[in-house]
Amino acid sequence: MEQTYQYAWIIPFIPLPVPILIGVGLLLFPTTTKNLRRIWAFPSILLLSIVMIFSINLSIQQIKRSPIYQYVWSWTINNDFSFEFGYLIDPLTSIMSMLITTVGIMVLVYSDNYMAHDQGYLRFFASMSFFSTSMLGLVTSSNLIQIYIFWELVGMCSYLLIGFWFTRPLAANACQKAFVTNRVGDFCLLLGILGFYWITGSFEFRDFFEILKNLIYNNEVNSSFLTLCASLLFTGAVAKSAQFPLHVWLPDAMEGPTPISALIHAATMVAAGIFLVARLLPLFIVIPYIMNFISLIGIITILLGATLALAQKDIKRGLAYSTMSQLGYMMLALGMGSYRSALFHLITHAYSKALLFLGSGSIIHSMETLVGYSPDKSQNMVLMGGLRKHIPSSQISFLLGTLSLCGIPPLACFWSKDEILNDSGFYSPIFAIIVWTAAGLTLFRHFCGNLLTFEGHLNVHFQNYSGNKNTPFYSISLWGKEGSKRINKNYRLFKMKNSQSSSFFSKKTYRSYENLKNGLRPFLNIVHFENKKSYSYPYESDNTMLFPLLVLGSFTLFIGSLGIPFNQELDVLTKWLTPSINLLHQKLNNSIDWYKFFEDSIFSVSIAYFGIFLASFLYKPIYSSFQNFDLTNSFLKIGPKRSISDKIINGLYNWSYNRAYIDTFYTTSLIETLRGLSLLARFFDRRAIDGITNGVGVLSFFLAEGIKYVGGGRISSYLFFYLSCLSIFLLGLYFSFSIVSIVIV
């Protein structure tokens with residue numbers, strides 16, 4: 001066991017050879033590396049699988065013996081300052097490592113086919129492997145400086161991946177928005193780290209917590225300054241985990257490829273903020289008011305995310321706001337001191353949300369066969385509908401993830417979310433009301449999206465918003481820009497024999513132009529079953545994309561059993577978290593009897609089924625899902641005949657669709673203000689600073705011209721004039737000194 005922990009430092013660096021070798025290959029052998037680009041999926045998955053096996057071994061050791069292992073190397077040592085690097089292996093580290101590796105492997109397998117058509121295939125896998133390295137380095141860090149270094153690397157990787165299709169203006173703006181918003185949080189995090197180092201003189205977590213606890217107990221530190229530093233640390237987590245008010249980057253981050261969205265939302269970037277708060281929870285618990293502040297931010301984020309998701313037509317943006325809301329649940333749980341519940345929900349949400357995002361990628365793939373590479377069309381739920389008949393495997397996986405996030409038993413999120421809902425009732429009745437309301441809205445929104453996508457008819461064949469006949473076939477470039485040429489509507493995109501049928505591992509029927517042109521095939525092939533019956537409709541995804549959905553669906557079904565609370569022997573999660581819970585001085589007895597458990601869960605399940613019923617009633621399939629999406633036709637009414645209730649509903653709809661006008665507020669108050677200040681600075685620079693410089697030059701020019709016209713062009717005259725002036729100056733200077741000496745005498 002000691003050797004397992006001793007070599008744990010290598011965990012973050014195992015995936016690192018992939019981006020290094022890809023970079024060297026592109027530098028030295030660019031043609032060969034590009035021609036053999038598909039082979040890089042295999043080493044990426046293999047190396048991350050090695051990390052997963054290592055993480056599983058560490059997790060088993062911790063569940064059996066519950067140790068916390070820390071190893072430190074001294075970097076610089078003197079009397080006044082010491083800086084150390086090291087790694088810390090505890091339950092939080094092993095949980096995060098398991099999430100990063102398992103979700104990361106599934107995303108890489110999925111991406112091999114999803115990104116096969118893309119010119120940036122090599123860049124994608126290099127960035128993904130470096131992303132995994134950065135996140136693994138973050139969760140194994142033993143001090144705040146290491147965390148900050150890897151924190152910045154995680155932000156850099158997310159910037160590169162969100163803006164992966166950088167030739168699209170929306171993607172370029174989205175990555176800039178994510179970068180700038182996170183710079184605010186990162187700067188606050190750095191200030192908080194420096195502030196606590198000034199207080200404690202240490203960056204190491206264990207020394208840091210112990211010193212601070214003694215200082216607070218002996219009343220040797222200013223509580224206001226302590227609260228300020230803790231708030232600055234928390235602000236870093238707020239930005240990274242998309243909590244209010246620094247959440248604005250998350251929906252726009254959907255401009256990146258769908259596999260990136262799955263990894264960011266499930267196990268990497270947004271999970272980093274939750275990880276930081278969980279890691280620093282022993283610090284926050286002993287500081288007055290900070291726990292209340294954390295729970296307040298969490299509850300606002302829950303409600304805001306649940307309401308803003310209601311009117312989003314983009315399937316990925318709706319999931320993004322859902323992630324924001326679910327992260328709010330975790331933050332609320334940490335603010336209430338429910339450490340176990342927060343991490344439990346982090347685990348269950350990761351697999352459910354990864355399943356939803358990869359399922360949405362399969363849906364988008366099927367829509368792209370009709371509308372081309374245009375996110376405005378392929379991700380628009382208004383143009384979907386009736387896909388259940390065409391992509392049944394993707395529909396089952398998407399429904400499974402939806403039901404899990406809705407809290408339907410016995411799926412994963414039911415067990416974790418129910419704990420947080422019950423804990424909120426003990427913490428604050430007001431918080432409980434808000435949480436239950438937001439839970440109902442979340443259930444309603446998710447099931448509405450499911451109905452819009454899979455039920456009814458394929459709306460892309462019907463009328464568009466303005467009432468004109470929609471022509472779905474366009475020539476779209478690789479980067480999502482719509483071309484001017486329309487494809488013949490009679491062109492059959494798909495041909496399948498009537499003797500084929502659909503199965504979960506159905507053979508891929510959609511292949512992009514690049515694949516056909518270059519003859520490329522997925523490097524990873526999953527054995528498929530032959531189908532006899534065939535149809536002419538949007539194709540089901542390839543087996544390589546369906547296999548991760550199957551695995552994540554299995555996790556969604558069974559991962560909740562990890563923390564079932566009514567049997568202490570079967571409660572693996574509590575055994576796993578025992579060292580961390582002891583560090584927080586919390587009670588270990590989290591088990592309750594069956595009767596109490598079912599009594600607490602009746603209300604949450606009732607709300608879930610009510611939300612499903614309401615969504616089914618309001619979003620029943622009709623000719624156009626656009627009318628359904630606005631809930632009622634009264635949303636579109638104009639004029640004095642509209643009732644007050646219609647105006648209120650329409651106002652709420654606009655508020656949700658326009659993201660509560662928070663982006664507009666930031667644009668007006670910050671961006672426009674900074675732009676005005678920059679214009680003022682430019683005016684001052686050109687008119688004042690440059691004006692003085694240019695004015696001196698112009699004055700010298702005219703003075704020289706005047707002197708030039710005084711002279712006659714003879715050097716002797718110039719020399720006489722110069723000596724005369726010098727004589728007059730010296731004579732005046734002599735008389736001045738004479739007068740001064742007489743006055744003194």
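Each Cβ is built from the backbone N, Cα and C atoms, and glycine gets one as well.
Over in Swiss-Prot, the protein carries these features:
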{"type": "TRANSMEM", "residues": "9-29", "note": "transmembrane segment"}
{"type": "TRANSMEM", "residues": "39-59", "note": "transmembrane segment"}
{"type": "TRANSMEM", "residues": "89-109", "note": "transmembrane segment"}
{"type": "TRANSMEM", "residues": "125-145", "note": "transmembrane segment"}
{"type": "TRANSMEM", "residues": "147-167", "note": "transmembrane segment"}
{"type": "TRANSMEM", "residues": "185-205", "note": "transmembrane segment"}
{"type": "TRANSMEM", "residues": "283-303", "note": "transmembrane segment"}
{"type": "TRANSMEM", "residues": "318-338", "note": "transmembrane segment"}
{"type": "TRANSMEM", "residues": "396-416", "note": "transmembrane segment"}
{"type": "TRANSMEM", "residues": "546-566", "note": "transmembrane segment"}
{"type": "TRANSMEM", "residues": "602-622", "note": "transmembrane segment"}
{"type": "TRANSMEM", "residues": "725-745", "note": "transmembrane segment"}
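The recorded stretches the transmembrane segment (185-205) and the transmembrane segment (396-416) do not share 3+ CB pairs below 8 A when only pairs 6 or more apart in sequence are counted, and are therefore not in contact.
Packing against the transmembrane segment (89-109) from elsewhere in the chain are residues 5, 8, 11, 41, 44-45, 48-49, 51-52, 54-56, 58-59, 62, 68-70, 125, 128, 132, 135-136, 139-140, 259, 262-263, 266-268, 271, 275, 278-279, 343, 346-347, 350-351, 354, 358, 524, 544, 547-548, 551-552, 555, 576-580: each is 6 or more residues past its ends and has a CB under 8 Å from a CB in it. Same-chain residues lying 6 or more positions outside the transmembrane segment (125-145) and placing a CB less than 8 Å from one of its CB atoms are 8-9, 11-13, 15-16, 18-19, 22-23, 40-41, 44, 47-48, 51, 70-72, 83-89, 92-93, 96-97, 100-101, 104, 107-108, 111, 151, 153-154, 156-158, 160-161, 164, 193, 196-197, 203-205, 208, 259-260, 263, 267-269, 272, 275. Sequence-distant contacts of the transmembrane segment (602-622), counting only residues of its own chain at least 6 positions beyond either end whose CB sits under 8 Å from a CB of the stretch, comprise 385-386, 406-409, 414, 417-418, 421, 436, 439-444, 447-448, 451-452, 455-457, 628-629, 631-632.
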